[in-house]
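Student: Relevant sequence annotations retrieved from Swiss-Prot are reproduced here:
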MOD_RES   LYS96  N6-(pyridoxal phosphate)lysine
BINDING   SER228, GLY266, GLU299, PRO300, GLY301, ARG302, TYR407  pyridoxal 5'-phosphate binding site
BINDING   TYR342, ASP343, ASP379  substrate binding site
ACT_SITE  CYS378  active site, proton donor
Amino acid sequence: MAGQTIIVSGLNPAAILQSTIGGGASPTAAAAAENGTRKVIPLSRDALQDFMLSIITQKLQDEKQPFYVLDLGEVVSLMDQWKSALPNIRPFYAVKCNPEPSFLSILSAMGSNFDCASRAEIEYVLALGISPDRIVFANPCKPESDIIFAAKVGVNLTTYDSEDEVYKIRKHHPKSELLLRIKPMFDGNARCPMGPKYGALPEEVEPLLRAAQAARLTVSGVSFHIGSGDADSNAYLGAIAAAKEVFETAAKLGMSKMTVLDVGGGFTSGHQFTAAAVAVKSALKQRFDDEPELTIIAEPGRFFAETAFTLATTIIGKRVRGELREYWINDGLYGSMNCVLYDHATVNATPLAVQSNRSNVTCGGSKTFPTTVFGPTCDALDTVLRDYQLPELQVNDWLVFPNMGAYTKAAGSNFNGFNTSAIVTHLAYAYPS
C-alpha cells in the first residue's frame with residue numbers, strides 16, 4: 001500500500017481512513033477510521049497531482065474558482081509524529097489556525113482536543129459532536145456573552161491574565177476551572193509574538209492568584225504561549241521554568257494543588273519540531289519531574305495545519321513588459337495569502353499549464369522569466385510574489401501553492417466581493433512513500 005494515494009471528494013474523513021485498515025496503516029490511522037464505512041478507491045502514487053488536474057478539468061467548464069486539497073494522510077503522519085515525540089502531552093488543536101470542518105473531524109477522530117478562542121469556535125467544534133470537556137477556552141480576555149455561552153454548554157476550562165477577567169468569570173461561570181496565562185521570558189523569534197498582548201508578568205502572578213482565591217475560583221494550572229511559529233526551541237525552557245514558579249507560589253498561598261500545565265503553541269513541523277520536543281521534554285523533566293500526576297496539554301495549530309493543505313488558483317490576467325511577466329490570480333493577500341502580511345509567511349508557486357502546455361503541464365525544463373503575481377483585488381498592495389521565476393503561462397493556466405493550511409482561509413476577507421470563505425476544500429489521502 002505504500003506510495004499509493006486514495007482520493008475522494010466530499011466524504012466523511014473517517015470513511016477515507018477506513019481503507020487503511022489492513023493495509024499497513026498506522027495505529028493512529030486505524031483508530032481514526034474505526035467508524036468509517038464508505039468505500040474509497042486507491043490510485044497511483046502520482047494521483048494527488050492527477051486529482052488536482054481532474055478538478056481543474058471539471059472547472060474548465062465553469063467559473064474556475066480556486067480550491068484547496070486537504071491531504072488527510074499528512075495529518076495522520078503529523079499526529080503519529082506528535083505522539084511519538086511528545087507522548088505525554090495532549091494536543092488541543094488551535095481552531096483559529098484553520099477551522100475547516102473535515103480537518104477538525106479527522107483531528108478529533110485521532111484523539112486531538114481543541115483550543116477555542118470564541119463562542120463561534122466552540123460552536124464549530126460542538127457541531128461536530130465533540131464533547132465540551134475536550135475544549136479549553138484559551139482566550140485570556142473574553143466577552144461576557146461568550147463566558148455565559150461557555151457555562152451553558154459545559155466548557156469548563158479557560159485562561160485568564162487580569163483581575164477583570166476573574167470578576168467576569170466569577171459572575172458568569174463560577175464553576176469554570178482557570179489556567180493562569182503567564183508571559184514567557186522570551187518570544188523574540190516567533191513569527192507572531194504573543195507577549196505584547198497576553199500573559200501575566202512575574203510581579204502580577206501572586207496578585208492574580210490571590211484574586212482568584214478571593215473569588216473562590218479554582219486555578220487548576222498555568223498556561224503560556226511562546227508565540228506562533230517560534231523557531232527558537234529554547235523559548236520553552238524559560239517558560240516552563242516560570243510556570244514552575246507559579247505552581248510554587250500557589251502552594252505557598254495555600255491554594256488547591258495545581259494539576260494542569262498548558263505549554264501553548266508555537267510548534268512547526270519538520271526539524272524545528274524535533275528540536276522543540278527535545279527542549280520541552282528536557283525542561284519538563286528538570287522542573288516537573290516531581291509532579292507525576294500532572295496533566296500536560298499543548299495548543300498546536302500550525303504544526304497540524306500548514307503542510308496538510310494545498311491551494312490551487314487560476315490565472316485570470318497577464319501582462320508582458322519586456323522580460324517581466326505579470327499574472328493576476330483569483331486569490332490573493334485579501335484572501336488566502338493574507339498570511340504573507342499577518343503571519344509573515346513566504347509562499348511558493350508551481351505551475352499547472354493546463355491551457356498553454358497540456359503535454360507538459362508542470363513545465364519541466366521550460367525557460368523561466370522574472371515574474372510578479374498579483375491577487376485579484378483593486379489594491380496594489382495585493383501582490384503575492386515579486387521577482388519570482390516562472391515559465392511562460394497564459395490565462396486559464398493554474399498556479400498551485402503548497403503548505404497553505406495555517407492562518408490562510410481562516411483570516412481571509414471578502415474585499416472587492418472576492419469571497420474567501422466560499423473556497424471549496426477537496427479531500428485526499430496520500431500514503432507516506
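Using N, Cα and C of the backbone, Cβ positions are placed for all residues, glycine too.
The model shown is predicted, which means the values in this text are computed figures rather than measured ones.
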Student: Please compare the binding-site residues GLU299, ASP343, ASP379 by how many other CB atoms fall within 10 Å of each one's CB, and tell me which has the fewest.
Tutor: ASP379
Student: List the residues of the same chain that sit at least 6 positions away from CYS378 (active site, proton donor) in sequence and have their Cβ under 8 Å from its Cβ, in sequence order, or write 'none'.
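Tutor: Looking at Cβ-Cβ distances below 8 Å from CYS378 (active site, proton donor), excluding near sequence neighbours, one finds ASN416.
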Student: Please identify, from the binding-site residues GLY266, PRO300, the residue with the sparsest Cβ neighbourhood, meaning fewest other Cβ atoms within 10 angstroms.
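Tutor: Candidates: the binding-site residues GLY266, PRO300. Fewest Cβ atoms within 10 Å: PRO300.
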Student: Across all the protein chains here, work out how many other Cβ atoms are within 10 Å of the Cβ of ARG302 (pyridoxal 5'-phosphate binding site).
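Tutor: Around the Cβ of ARG302 (pyridoxal 5'-phosphate binding site), 25 other Cβ atoms lie within 10 Å.
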Student: Any idea which of the binding-site residues TYR342, TYR407 has the thinnest Cβ neighbourhood at 10 Å?
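Tutor: Minimum Cβ neighbour count within 10 Å, taken over the binding-site residues TYR342, TYR407, occurs at TYR342.
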Student: What subset of the recorded positions LYS96, TYR342, ASP343 lies within 10 angstroms of GLY301 (pyridoxal 5'-phosphate binding site), using C-alpha positions?
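Tutor: Correct set: LYS96.
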Student: For the residue listed as 'N6-(pyridoxal phosphate)lysine', write down the residues of its own chain that are at least 6 apart in sequence and whose Cβ falls under 8 Å from its Cβ; none is a fine answer.
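Tutor: The list for the residue listed as 'N6-(pyridoxal phosphate)lysine' reads ASP115, ALA117, GLU121, GLY301, TYR407, ALA410, given in order along the sequence.
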Student: How many Å separate the Cα atoms of TYR342 (substrate binding site) and GLY266 (pyridoxal 5'-phosphate binding site)?
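Tutor: Distance between the two Cα atoms comes out at 15 Å.
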Student: Validating a neighbour-count step here. Other CB atoms within 10 A of the CB of GLY301 (pyridoxal 5'-phosphate binding site): how many?
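Tutor: Result for GLY301 (pyridoxal 5'-phosphate binding site): 25 neighbouring Cβ atoms inside 10 Å.
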Student: Any idea of the Cα spread of the substrate site, TYR342, ASP343, ASP379, as a max distance in Å?
Tutor: 19
